[in-house]
Structures are given as C-alpha cells and as structure tokens.
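S.K.: Can you read through this structure? Questions will come right after.
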Amino acid sequence: MAFDVSCFFWVVLFSAGCKVITSWDQMCIEKEANKTYNCENLGLSEIPDTLPNTTEFLEFSFNFLPTIHNRTFSRLMNLTFLDLTRCQINWIHEDTFQSHHQLSTLVLTGNPLIFMAETSLNGPKSLKHLFLIQTGISNLEFIPVHNLENLESLYLGSNHISSIKFPKDFPARNLKVLDFQNNAIHYISREDMRSLEQAINLSLNFNGNNVKGIELGAFDSTIFQSLNFGGTPNLSVIFNGLQNSTTQSLWLGTFEDIDDEDISSAMLKGLCEMSVESLNLQEHRFSDISSTTFQCFTQLQELDLTATHLKGLPSGMKGLNLLKKLVLSVNHFDQLCQISAANFPSLTHLYIRGNVKKLHLGVGCLEKLGNLQTLDLSHNDIEASDCCSLQLKNLSHLQTLNLSHNEPLGLQSQAFKECPQLELLDLAFTRLHINAPQSPFQNLHFLQVLNLTYCFLDTSNQHLLAGLPVLRHLNLKGNHFQDGTITKTNLLQTVGSLEVLILSSCGLLSIDQQAFHSLGKMSHVDLSHNSLTCDSIDSLSHLKGIYLNLAANSINIISPRLLPILSQQSTINLSHNPLDCTCSNIHFLTWYKENLHKLEGSEETTCANPPSLRGVKLSDVKLSCGITAIGIFFLIVFLLLLAILLFFAVKYLLRWKYQHI
C-alpha cells in the first residue's frame, strides 16, 4: 500500500506541469526568412504589416485588390516576383510599380482587367515575364508598351484576342516566349507577323485557336524556337502558311474531342518547303501510310506519333535517315517488329509506352538500331519467360532501359548481356522471376540507377545485386524482407557504392545495427511507411550528412543516446509517427525544437500521446517537467511526514534499547 501511495505521489509531482502552447497564425507563411512569403487565399485587401520590407518573392493570389496604385506595394521595394492571380483586379493605375526596380516577374492571371494605365508598368528596370492569362483582353492595344524593352515572355492565353497585331512601338527584340493559346485567332496575316520581326528564336503558341488561314508569306524567312498550332483541324493550312520558315520544334498535335481531317501523304509534302527539326502529330489519323509518306522529313530529328492509331509501319520508308528520337506510344502494335526499325538507322531514343494491345517483344526486332541509347517499353503488358538477351539483341550502346509496369518477366543469369553499357534500368511494378542462382545484373558494370519498386523480389538472395560496382541509386520500395527484418548479412552488402537507398513500404519491423555497415557513401535513405521503432536508428550511426526519411513508422519515444545520430544528419523527416509528447520524451522534444532547420514535414509531425495533445504539432508543444508549485507543496508535506516518521522511529528504537539493557 505504501508503494502505491508513493507512486501516486510522484505522478502528481511531475505530471502537474505538462502544458501545450500553440499558435494559430492565419497570416502569411514564411518560406525563406525575410525573402519569400505565401499570402494566398487569406481574404486580404492590403499588404499585411507583418511582411518585412525585404520581401523579394510574394505569392498574393486569391485575395481582394480591385484597384492597385503606387502605394499598394510601395513598401516592398525589393520585390522580384509578384503573383496577383485572381485578386479581382479591375484597375491598375499610373506608376503602380514605380519603386520596384528589381521586379522581373508579374502574374496578373485571372483578373478581370478594365484599365491599365500607360505608365502602370513603369519602374522595373528588367521586367522579363508578364502573365495576362484570362484577363478579358480582346485587343493587344490594351497592353501598355512603356518599359517592356527587356520583356522575354508574355502569356496571353484564354482571352478574346482575334488579331496578333501589336502596336507599332511594341518592343519585341528580346521576346523569347509569346503565348496566345485558347484565344480566337483564326487568321494570321503578313502585317500581323511584321510586328514580331525583331524577335529571334521565338517560341510562339497558337494552341487551341483553330487557325483557318495564314496569308502566304506571313512566316517567310522567319526563324523560331518552337511553333504550336495544336488543335488545328486542317493541317494543310499550317503547312502551306509556314513555307520558307525555319523552326526547331513544330507542335501539330490534336485532341480527342476535335473532329479533324486525316493526314494524307500529299498533305505532308508541305514540309518540303520548310525546315523543321522536331515534329509532333499526336492524336491524328493517317488516311494512308506508305514508304513515301515521310519523304519530306529529311531534316527531321525528332518525331512524335503518339496515339496516331498505327498498327504498323511499312519497311523501306524514305526520308527518316537522320531521325534520332521517335515516339510511338499509345498505338496498336501487336509485336515490336511491326515498327520496321530498319527505317531509322540513326535512332538514339525510342519510346513505345502504353500500347493499346498487349505488346510482344519478338526476337531481334530492334537489332538494326545499333546506335540506340534510350528505350522505353513501359506500360505495354509485356510478358516473357526468358528476358531479355534475344529481345534486345545488338543494342550494345543502350544506356537507359525502361520495362516498368509490365507483366511478369523471367530473368536468367546475365539477362542484359546484350546491353553492357546500361546506366539506368527501370523494372518498377513488373513482377520478376529470377531463374538463376547468380545475379541477372552481374554484367552491368556501368549501371548507376536501378528501380526495382514492387517487383516481388526474393530479398533473401544475397547475390541478387552482385556485379554492380558503380550502382548509386537503388529503389527497393514495396519489396518485403523475411520476418520484416534486414539482418547483418543481406543483399545490400555487394553494393557499397550506393548513395541513394529507398526501402519505403517494405514491411520492415527492425534493422540490424550492422545491416548498412558496408554502405558508407550514402547521402539519401528513405525508410518511410514501415513499422520501424527507434531502435533501428542505430543502424545509421556511421552515416553523416544524409537525408533521412523515417516518416510513417512506429516511432514514439527516442532515447537520448540516439539523438547524436540524428544530429549528424542534414535533413530528417519524422512525420506521421505516433510520437510521445510527455516528459518521458523530453530530451527528444527539446532536441526537436533546437533542430527545426533540419526537419522536413514539421506540419505533419504531431503528438499521438497523451490524448490531450493528440494532433498538436511538436513545434507548438512546451512541456514543463520540473517541480511545480503544487509539486513543491507536496514535496514539503512528504518531507515533513518523513521527518515525523523518522522521529518516532528513532524514539521507538531508543525506548526499545533502554528496555533491554
């Protein structure tokens, strides 16, 4: 009974001082001290006094500023980026930004502008990026031209513009990006384009405008970085209108909801009169496709035929000898050989993703592509019991291979011996059957990145990753370990060059203290979404300066002896753990507040215990674990009782002694 009373006494003594101090600051979020702030969607009608004068980057969208003038932002003279998206701005008065000499980006997207003064943009010495998307502009005369000499990008999408004719004094010399997408531009004249003559290597976007006519010679002798006429139903209009022009990239893709004309071989002859390096024709249909369909593509280096309903390409096609990149994703091939790879002798990059039908690899279908460096065959339901030597025959220069999101693949020893130069191999979400005692990757001496996410591997095979001397990035997410434990001897011991290791969602319960002992070069370790306790932190004691993700585990109390291990890391994520916020964990809670600069996900790092603090951020908790006033009172009473007890005990002993002399 005395023991129970004393325990109760100490509980009262030390728990009476536990309390939480929280702050619910609804004002702007500081992203970088004194420089970057987010004030989005706070219902503000003016700049808060809490923002420092040194603010450089301000996100102020979804507030209420119907009128802005030269006093609205005058205090923030160091602004370089200002986002005023959907602030219901109607009026921008004279000299609004006169004191903002360093402002380079101004976002006015989604504001129903009625008036912009001629001098409203005066002040910034190097305004480079101006966003006027969804502002109701119907005429380019609305845009004030003063002080736009250094403008590099102008975004005018989703307005009511029907003519791209700029004012005569519009400064286009430094313009690099001009975006007119989703307007009402149906005709482009020579006079319209004359105002852009000074712009060199311009990226011009007419996507979603349904251009129906281009005056002959409008693009004559012009040079563009990119041209986008996406969603144009009749491509003949574009090919005829772009005669004698030069562009690095021409985007002519369409969309599923647009009823456009099929592409004919005759239509593509318009490319003979222009110079193009990259062409996108996605979502179109070919009325006929023959060996001469692409005969005008002699200068083409990149071709995107995504979702063009192709079932095969004829052999002996002309005009594609210089092609280096080919995209054939979302088509209807039955077998890889149907692409007639011999048509593309210079090809270095091939992408066939998401084929509509189950794709069969065949044997040696790509052997004519001896220069191929990148091959993406993901999301194709590919299935093979013996992969991949015969299928990838003669691809000795291949550096990147993506076989992710496919059906089960069987891998023999040296399964990729035809691709000894591989640097990146992605097999994520493809069930692998390893049919050999040795590693299927053992000849890949240059492999740096290996993605084995959810491959259902036998992780007890200690030789699985043998023969990868320069592997730097390994993703084993979703592969479970026997008994939920990574033991001292494990499959990671053969990859000592690792810098990034991802072991999230592996069902881990514990990690042996010596499990990572051979991995001394690691800089990034992801152990999130497991069931690890704080004891597993010991396995990281030899690592310093790493990014450590321990989110969503079973960590509650972190003992003081483990804090030095955490202190020596650069970034730590402990969010979504059932952390204890009582005095039993006071050393960790103190350390946490002292190291907030190292912690990621602090908004989601909350208390789970005691119930009164559940859901409260650790950074908002303040515990008082010393002796409180109530505790002192009880202590005095306890000591007084103890003194009385001792007094009577001594008195009793003395009386007993004298009685027995």
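Glycine too: its Cβ is placed from the backbone N, Cα and C atoms.
Checked Swiss-Prot, it gives:
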- 33-53: domain 'LRRNT' (DOMAIN)
- 577-627: domain 'LRRCT' (DOMAIN)
- N34: N-linked glycosylation site (CARBOHYD)
- N53: N-linked glycosylation site (CARBOHYD)
- N70: N-linked glycosylation site (CARBOHYD)
- N78: N-linked glycosylation site (CARBOHYD)
- N201: N-linked glycosylation site (CARBOHYD)
- N234: N-linked glycosylation site (CARBOHYD)
- N244: N-linked glycosylation site (CARBOHYD)
- N394: N-linked glycosylation site (CARBOHYD)
- N402: N-linked glycosylation site (CARBOHYD)
- N451: N-linked glycosylation site (CARBOHYD)
- N573: N-linked glycosylation site (CARBOHYD)
- 54-75: repeat 'LRR 1' (REPEAT)
- 78-99: repeat 'LRR 2' (REPEAT)
- 102-123: repeat 'LRR 3' (REPEAT)
- 150-171: repeat 'LRR 5' (REPEAT)
- 174-195: repeat 'LRR 6' (REPEAT)
- 201-221: repeat 'LRR 7' (REPEAT)
- 299-320: repeat 'LRR 9' (REPEAT)
- 322-343: repeat 'LRR 10' (REPEAT)
- 371-391: repeat 'LRR 12' (REPEAT)
- 421-442: repeat 'LRR 14' (REPEAT)
- 446-466: repeat 'LRR 15' (REPEAT)
- 470-493: repeat 'LRR 16' (REPEAT)
- 1-23: signal peptide (SIGNAL)
- 24-626: topological domain 'Extracellular' (TOPO_DOM)
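Describe the structural context of each listed feature in the structure shown, including burial, neighbouring residues and relevant distances.
M.R.: Residues 26-27, 59-65, 72-73, 75-78 of the same chain, all 6+ positions outside the domain 'LRRNT' (33-53), place their C-beta atoms under 8 angstroms from a C-beta of that stretch.
If you average pLDDT over the domain 'LRRCT' (577-627) in this model, you get 93.
The Cβ of N34 (N-linked glycosylation site) lies under 8 Å from the Cβ of P52, T54, T55, each of these being in the same chain and 6 or more residues away along the sequence.
In three-state terms derived from DSSP, N53 (N-linked glycosylation site) belongs to neither a helical nor a strand segment and is classed as coil. When other Cβ atoms within 10 Å of the Cβ of N53 (N-linked glycosylation site) are tallied across all protein chains shown, the result is 9.
Residue environment of N70 (N-linked glycosylation site) contains 17 other Cβ atoms, counted within 10 Å of its Cβ in all protein chains.
DSSP assigns N78 (N-linked glycosylation site) to coil in the three-state reduction, placing it in neither a helix nor a strand.
Its Cβ placed at the centre, N201 (N-linked glycosylation site) has 13 other Cβ atoms within 10 Å.
A coil conformation is recorded for N234 (N-linked glycosylation site) in the three-state DSSP classification, outside any helix or strand.
When secondary structure is read from DSSP and collapsed to three states, N244 (N-linked glycosylation site) falls in the coil class.
Counted within 10 Å of its Cβ, the other Cβ atoms near N394 (N-linked glycosylation site) come to 15, all protein chains included.
Neighbours of N402 (N-linked glycosylation site), defined as other CB atoms within 10 A of its CB across all chains, total 20.
The Cβ of N451 (N-linked glycosylation site) has 22 other Cβ atoms within 10 Å, all protein chains considered. Taken residue by residue with DSSP, N451 (N-linked glycosylation site) is part of a strand.
Sequence-distant contacts of N573 (N-linked glycosylation site), defined by Cβ-Cβ distance under 8 angstroms and a gap of at least six in the same chain, are S528, L548, N549, L550, A551, L599, E600, G601.
Broken down by DSSP into helix, strand and coil, the repeat 'LRR 3' (102-123) contains 0 helix, 5 strand, 17 coil.
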S.K.: Treating G and I as helix alongside H, and B as strand alongside E, what does DSSP give for the repeat 'LRR 6' (174-195) in helix, strand and coil?
M.R.: 5 helix, 5 strand, 12 coil
S.K.: Any idea what the Cα distance is from N201 (N-linked glycosylation site) over to N394 (N-linked glycosylation site), rounded to a whole Å?
M.R.: 39
S.K.: Which residues, sitting 6 or more apart from N78 (N-linked glycosylation site) on the same chain, put a CB under 8 Å from its CB?
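M.R.: Spatial neighbours, sequence-distant, of N78 (N-linked glycosylation site): N53, T54, T55, E56, Q102.
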S.K.: Measuring Cα to Cα, tell me the gap between N394 (N-linked glycosylation site) and N234 (N-linked glycosylation site) in whole angstrom.
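M.R.: Checking the Cα atoms of N394 (N-linked glycosylation site) and N234 (N-linked glycosylation site) gives a distance of 41 Å.
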S.K.: Using a Cβ-Cβ cut-off of under 8 Å, list the residues of the same chain that are 6+ residues beyond the ends of the repeat 'LRR 6' (174-195) and lie near it.
M.R.: 133, 149-168, 201-215, 217-220, 222, 225, 228, 230, 241
S.K.: Within the repeat 'LRR 9' (299-320), count helix residues (DSSP H, G, I), strand residues (E, B) and coil residues, in that order.
M.R.: 0 helix, 3 strand, 19 coil
S.K.: Give me the long-range Cβ neighbours of N234 (N-linked glycosylation site): same chain, 6+ apart, Cβ under 8 Å, in sequence order.
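M.R.: Long-range Cβ contacts: K212, D260, E261.
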